[in-house]
Amino acid sequence: MGLLSDPVRRRALARLVLRLNAPLCVLSYVAGIAWFLALAFPPLTQRTYMSENAMGSTMVEEQFAGGDRARGFARDFAAHRRKSGALPVAWLERTMRSVGLEVYTQSFSRKLPFPDETHERYMVSGTNVYGILRAPRAASTESLVLTVPCGPDSTNSQAVGLLLALAAHFRGQIYWAKDIIFLVTEHDLLGTEAWLEAYHDVNVTGMQSSPLQGRAGAIQAAVALELSSDVVTSLDVAVEGLNGQLPNLDLLNLFQTFCQKGGLLCTLQGKLQAQDWTSIDGPLQGLQTLLLMVLQQASGRPHGPHGLFLRYRVEALTLRGINSFRQYKYDLVAVGKALEGVFRKLNHLLERLHQSFFFYLLPALSRFVSIGLYMPAAGFLLLVLGHALELWMQLHEAGVGPEEAGGASGPSPLPPQAQGIGLASLVAPLLISQAMGLALYVLPVLGQHVATQHFPVAEAEAVVLTLLAIYAAGLALPHNTHWVVSTQASDRGWMALKLVALIYLALQLACITLTNFSLGFLLAATMVPAAALTKPSGPRPLYGTLLVLTSPAATLLGSLFLWRELQEAPLSLAEGWQLFLAALAQGVLEHHTYGALLFPLLALGLYPCWLLFWNVLFWK
């Protein structure tokens with residue numbers, strides 16, 4: 001304590017911190033990026049392993065042999081769907097009853113906040129059909145779910161056929177200790193959300209649906225299936241859920257184990273697994289897969305029906321059958337046996353999956369990076385915001401400022417006038433920036449009808465254009481605040497504003513990183529350098545360009561280009577801009593429809609914070 005209480009020693013410590021602050025910030029940022037890139041290399045990446053004892057062995061004999069029956073169901077389903085132009089509810093009810101299930105239906109409707117041009121829908125109404133196989137060996141206290149989404153433009157007939165064939169096969173077995181729900185939803189994720197809300201007796205998205213007439217036990221796990229062909233060359237696994245949630249790693253390990261047992265080829269993010277991790281090629285391929293997962297998770301979108309189950313503490317995966325040019329192909333029997341093995345092992349669970357990781361990154365299906373190994377990467381980046389300590393010392397330590405450089409025997413506090421000016425200068429930019437963020441969040445949806453009446457645009461286009469207009473209008477923030485900020489404010493005014501902005505940014509990024517590491521890391525990697533460098537002196541055009549290029553909107557645009565580049569489908573500038581506009585519309589729509597949090601985080605938190613740094617840059 002003597003070091004901090006002695007004015008001379010405290011002044012010496014302040015000088016040391018100021019002298020080393022810049023090189024330490026650079027070193028910390030480089031270390032954070034290097035640590036992240038090293039996550040795909042051993043020993044930071046580890047082999048996956050099964051933590052749940054009840055699922056540690058795959059010694060079950062899969063007996064499913066209903067491939068022909070599954071194909072027959074798929075043909076009948078596709079024919080009735082073409083005939084009716086919608087989900088053939090009556091045929092599904094009749095077929096599920098014929099295989100021995102308790103069959104129920106649920107109708108639902110949802111008016112979207114504005115038309116979804118991607119799926120061409122606005123007023124959505126549909127019907128979900130589900131059948132329950134009651135467990136013969138236990139009371140209906142726990143259940144498992146096998147679900148197939150059916151959208152208006154999806155060809156998922158083979159998945160419906162396999163679901164019905166598995167239901168018929170499971171009905172003839174006596175070892176089930178959990179109820180099994182076979183669910184076919186209409187309108188993709190909207191139908192899934194309607195059924196989940198009704199099953200758990202909640203309404204978090206404003207969905208209008210009929211109550212469920214039949215229920216099973218508490219859902220322990222779920223598998224969503226998407227197949228577009230009678231044969232598959234690989235099964236792609238989707239794990240990213242709503243707002244970056246991930247299923248328990250044991251569920252993924254279980255599926256991968258049964259795929260290995262049956263010889264099925266599995267992919268992650270559409271990428272094959274690297275086989276040789278001792279050479280440089282394996283980790284580099286793993287780094288591509290890891291980056292794709294980071295970009296997918298950072299978006300906060302549910303990348304399959306499983307993503308909505310995770311909100312209700314139900315561990316779930318989405319499996320997509322891929323039929324490509326690869327030599328080895330597998331029929332529905334192989335896929336059915338893998339699913340049978342997974343459900344039989346889940347049937348052994350005595351409690352919810354909890355022993356393995358919920359926070360992880362995947363460079364491959366057989367390797368993972370735990371939270372304890374990837375969090376230091378974000379920690380190093382956030383240390384750069386320790387630049388706030390330098391500003392605080394310049395504001396509050398008398399021996400640090402240029403006017404006190406001659407050295408005095410004790411601390412000399414700031415004049416009261418200077419302190420008052422510094423505090424008063426913070427009010428206007430803080431209020432105006434938060435008001436701009438609130439307008440960015442509220443006005444696009446509320447003002448869409450006004451925009452369509454005065455301009456020849458559709459509702460979805462009006463929402464996107466209003467977003468861009470408000471976002472660009474924020475660039476005038478410094479000119480607005482200068483009308484109410486005293487022109488006699490000293491340099492301590494912008495230093496105080498930047499100090500508040502750095503603390504605000506650090507708190508937001510720290511909270512985001514704890515819940516969604518991928519989003520927090522991407523935002524930190526882009527916003528932190530510009531935030532630390534920005535000041536109203538020096539090469540301001542360079543600082544301004546850097547701020548614009550690292551703004552939340554520019555980060556989203558750059559992420560889209562990187563995502564398509566990693567998928568080996570690069571975009572042109574025009575295609576990238578169109579995809580950016582579509583992503584803006586989908587982000588707003590998914591927030592109001594499913595509760596995705598990326599849009600409010602950017603509009604109400606990070607955008608106002610970025611405006612504070614913009615105001616610092618143009619401080620007069």
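Glycine too: its Cβ is placed from the backbone N, Cα and C atoms.
No curator has checked TrEMBL annotations; they are predicted automatically.
Here TrEMBL flags 20-41 (among others) as transmembrane segment. Distant neighbours of the transmembrane segment (20-41): 283-284, 286-287, 289-290, 361, 363, 369, 373-374, 376-381, 383-384, 386-387, 389-390, 521, 524-525, 528-529, 532; these residues of the same chain sit at least 6 beyond its ends, with a Cβ under 8 Å from one of its Cβ atoms.
If you look up TrEMBL, you'll see 357-385 (among others) marked as transmembrane segment.
Here TrEMBL flags 421-443 (among others) as transmembrane segment.
The transmembrane segment annotation in TrEMBL covers 455-477 (among others). Remote same-chain residues near the transmembrane segment (455-477) are listed as 114-117, 429, 432-433, 436, 439-440, 443-445, 447-449, 553, 581, 584-585, 588, 607, 611, 614-615 (criterion: CB distance under 8 Å, separation of at least six residues from the stretch ends).
Beyond the ends of the transmembrane segment (497-530), by six or more residues, the same chain brings 29, 32-33, 36, 243-244, 293-298, 300, 359, 361, 371, 374-375, 377-378, 381-382, 384-385, 387-388, 391-392, 395, 425-426, 429-430, 543, 546-547, 549-550, 552, 554-555, 558-559, 598, 601, 605-606, 609-610, 612-613, 615-616, 619 to within a C-beta distance below 8 angstroms of the stretch. Summarising the annotation, TrEMBL assigns transmembrane segment to 497-530 (among others).
Sequence annotations record features per position, and here TrEMBL assigns transmembrane segment to 542-563 (among others).
Under the heading transmembrane segment, TrEMBL lists 597-619 (among others).
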